[in-house]
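For reference, the structure is listed below as structure tokens.
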Amino acid sequence: MSRWIQRWFFSTNHKDIGTLYLIFGAFSGLLGASISLLMRIELSHPGNQVLIGNHQLYNVLVTAHGLLILFFMVIPTLMGGFGNWFVPLIIGAPDMAFPRLNNISFWLMPPSLILLLASAFVETGAGTGWTLYPPLSSVQAHSGGAVDLAIFSLHISGISSILGASNFIATIFNIRNPGQNLYRIPLFVWSVLVTAFIILLTFPVLAGAITILLTDRNFNTSFFDSSGGGDPVLFQHLFWFFGHPEVYILVLPAFGIISQVVSTFSRKPVFGYVGIIYALISIRILGSMVWAHHMFTIGMDVDTRAYFTAASLLIAVPTGIKVFSWIATMWKGSISLKTPMLFAIGFIILFTVGGLTGLVVANSGLDISLHDTYYVVAHFHYVLSIGALFGIFAGFYYWIGKICGKQYSETLGQIHFWITFIGVNLTFFPMHFLGLAGIPRRIPDYPDAYEGWNIVSTYGAKVSIIGTILFFYVVYLAFTNGLISEPNPWSLRRERLDSSSRTTEWLIASPPIYHTFNEIPVIKET
């Protein structure tokens, strides 16, 4: 067997598996972004543009876009890619706790992706949205195998995530550096740890919900079928008990990356380290107690709505602690506006905008009007499309030199930031106005009155795609004729222990040798 196949297909090395995850995430992200551009072109003007009036096909695109970005781009990139690459390096571990489990965690993802893509080509595809609500996902409304394939895809992806999460928990608790207690590990490791616990506790609930849906579709049960004594709202409760923590699974590792980046480029330790840790844990706990704010329109009684409104508004407190801690870290720091820092600042500004619209839709009275309008789309894309994505870009530009030993072009990186920043704002900010005007989501046509802001939004999507193409060009240039990266490219003074070197990965070579720590290094306070 060739050494290449041995290395990449049977790898047990956390760096190689991290690289595979990053490549997989980039591929899935391109697919998801292409689908979103197709949807925006369809919505650029009233009437039929590219989908010849096929509303089912439009909903298949919505479903594929959501699932691709959430399960196949963001989680594999942030947890699988950056998590695998840097958690062992930062905590001084020789590898992950279970290297072969790590391998199967990755190799479950491509079959899962294939099943999801296959579902779009079976009969009319799965036009349910990523939420898979019955009765739309029931056998009466989607009679073919498409929804079943999507369910199997989510099962396999969920198994992968659960295995990966248990691996991270075992690694961080058991093969951490002897000198690093839990209050000394960097915030990126903390964010991965908290995220792993969320995955471990919520993915099994999703698995249960979609398994029951599978039996409803194929084995004549009626858990979600009201004609047989079931309740479709039960699915919504089960799904959102997973689905709301899921959005924190997506954004918490990005929080960790932003904490590291802001600290490095402000030349200061992060402000309120312990406060940020407790904010992370609070978000994790509160995030599992607010799921029904996605369901204000199903006819809950007023006491239930009052509780879920109050609990949802309460999440703003730990989130605010994190945002103000990042701002305080930058306050009076010696700020260096390199590309990762630009993405971090962009993240803080735009995530705050998304958080503010979140405060609006958390109010049950208002949400009755705003539910399933473009206002909600604008809200969660500001948090996810801008939050998680900017976190990924910040992490990539921050660590690319460590991953491949080559540095990117700073000029092109900054141009990429500005194109992306302008593009995503042009895309999603007008959606607030459309939502307030009452345009519903998941519908490919609309009255003429809404055309103006839709044109602006589609223009923004095209700008964002140009930014994405530029990003891949930046990566191509870095790999082909990039500058050789030093062990710590962000150091002001050419010393090993500059103020920016607060984590272990900057003390080793770029790229690191295949087996970085043959024996666990000892870290001591000086």
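Backbone N, Cα and C define each Cβ position, glycine as well.
Together with Glu42, Gly47, Swiss-Prot lists one candidate of Pro444, Pro447, Pro487, Pro489 for binding Ca(2+), that being Pro444. Here the listed stretches are 17-37, 149-169, 238-258, 308-328, and the one with the most C-beta pairs under 8 angstroms to the transmembrane segment (380-400) is 238-258.
Counting Cβ pairs under 8 Å that are 6 or more residues apart, the transmembrane segment (270-290) and the transmembrane segment (187-207) reach 3 or more and are in contact.
The list of residues near the transmembrane segment (238-258) in space but at least 6 beyond its ends in sequence, with Cβ under 8 angstroms from a Cβ of it, reads 70, 74-75, 78-79, 82-83, 131-133, 186-192, 194-195, 198-199, 201-203, 205-206, 208-209, 212, 280, 283-284, 287-288, 290-295, 322, 326, 344, 347-348, 351, 380, 383-384, 387-388, 390-392, 394-395, 398. Within 10 Å of the C-beta of His379 (heme a3 binding site) there are 25 other C-beta atoms, taking all protein chains into account. By number of Cβ pairs under 8 Å, the transmembrane segment (464-484) is matched best by 17-37 from the list 17-37, 67-87, 104-124, 149-169, 341-361. Taken residue by residue with DSSP, Gly47 (Ca(2+) binding site) is part of neither helix nor strand, so it is coil. Rounded to a whole number, the C-alpha distance linking His379 (heme a3 binding site) with Pro444 (Ca(2+) binding site) is 20 angstrom.
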